[in-house]
Structures are given as C-alpha cells and as structure tokens.
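Chemist: Here's a structure for you.
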Amino acid sequence: MKLPLLLALLFGAVSALHLRSETSNFESLLGAKTLPEDEEMPEQEVEELETEEEGGSGSEDASKEDGAVESISVPDLVDKNLPCPEEEDTVQLVGVPGRQTCRRYLLVRRPHTFDQARLTCQRCYRGNLVSIHNFNLNYRIQLSVRGLNQGQVWIGGRIIGSGRCRRFQWVDGSHWNFAFWAAGQPSVRGGHCVALCTRGGHWRRAPCRRRLPFVCSY
C-alpha cells in the first residue's frame, strides 16, 4: 500500500516541476516577444524629433526669405522719403559739345547708395544716372569730380547676370557702346554697379550698397 502512494506523490511532484518549467518558459517567451514593442518607442521618438527638426529648419529658411524680402523693401521705403539734394551739395557740370549739347550734368556730392542715387536723379531732376558713350564725356566728368574727397562716384552702369551670361547695361536704357575699365576690370567677382574713379576716370565694379557721390544726366 505504501509503494503506490509513494509513486503517486513522486509523479505529482514531477508534474508540478514540469508545469513550473513550462510556465517560466512561456513567460520568457512572452517577455522576448514584448521586448521589440518596448524598443519601438525610442524609434518613434527619434522620428518625431527628426520631423520637428525638419520643420524647424523649414521655418528658419522661411524667416530668412522673409528677411530677404524686408531687406529689399526697407530701402524702397527710405528712398521714397529721401529729400532732394540741397543746392550747396550739387555742382553743375559743363556739357560736352556735340550731339549731347542739350543734356545737362549735375554732380551730387552727398553720398548715396546706387539705388538712392538713381531715384534722386529721376525724382528730383527728371533724369537718370549718367550714361557715358565716348571718351570725351568721360574725361570731362573726371575733370569735374577729381577734386572730391572720394575715390569714386556712381555712374549709371550696372552688371546683370554672371559668368558667360554677364552683360552690362545703362540704367537709362541707352546702348552700351563704350567702356573705360581700369586694369583688371571688370573682375570676375565684385559689385554689380559701376563707379568712375575720381583720379584717372577709369571704371570699377563696386557693391551697389556703397554710398558714393553721383552724376545725374537730364
């Protein structure tokens, strides 16, 4: 009678151990299965962070573009309120004999940016920055401005495009048929506006935002 009882107890103990082993295996398998789900959260956070960074860079670019628009519009607002030069700030230049005898030339000694100078010529004198089509006129202008305490003055030339697409034009729309560039000019790099040197009368590229005296033709 004792032997069957011992066998039954032994069998029950073995079954219990086997059941516990399967349970632990099942829990370990379940834990291994849920582990990737726990690891997906950082990946989602990384993706959200990258999205936010991309959004941030886009808004920053947008603000830069807005800033570029403001930098263009603000000078326009300033130019509209720009007063005409006082008489003591101007010098009437003697006209050059020939086909341009009907034109008058005026030196404005107070420095302006290129766009301000152009607008002043248009609004105050109903003309434009001077265009130069021969050496005689260039020489006469240089003689008139050489006494300035400035190295350069604005004339009406500007540069459009770059490289092989680069071309020169006068802001009054006249034909570009003459140039008097200094040595090494027009350089590959430099400003997009043209200034005349007060000593020697040669032309150089200059940044359009530089403030210089200027010559109007009207």
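One is the number of the first residue shown, and numbering goes on along the chain from there.
Heads up, the Cβ atoms here are built off N, Cα and C, so glycines get one too.
Caution: TrEMBL annotation is automatic and unverified by curators.
Annotated signal peptide per TrEMBL: 1-16, in sequence order. Here TrEMBL flags 31-69 as region 'Disordered'. The compositional bias 'Acidic residues' annotation in TrEMBL covers 37-55. The domain 'C-type lectin' annotation in TrEMBL covers 105-217.
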Chemist: Note the mean pLDDT of the domain 'C-type lectin' (105-217), expressed as a whole number.
Modeler: 95
Chemist: Would you mind splitting the domain 'C-type lectin' (105-217) into helix, strand and coil residue counts from DSSP?
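Modeler: Breakdown, helix to coil: 26 helix, 39 strand, 48 coil.
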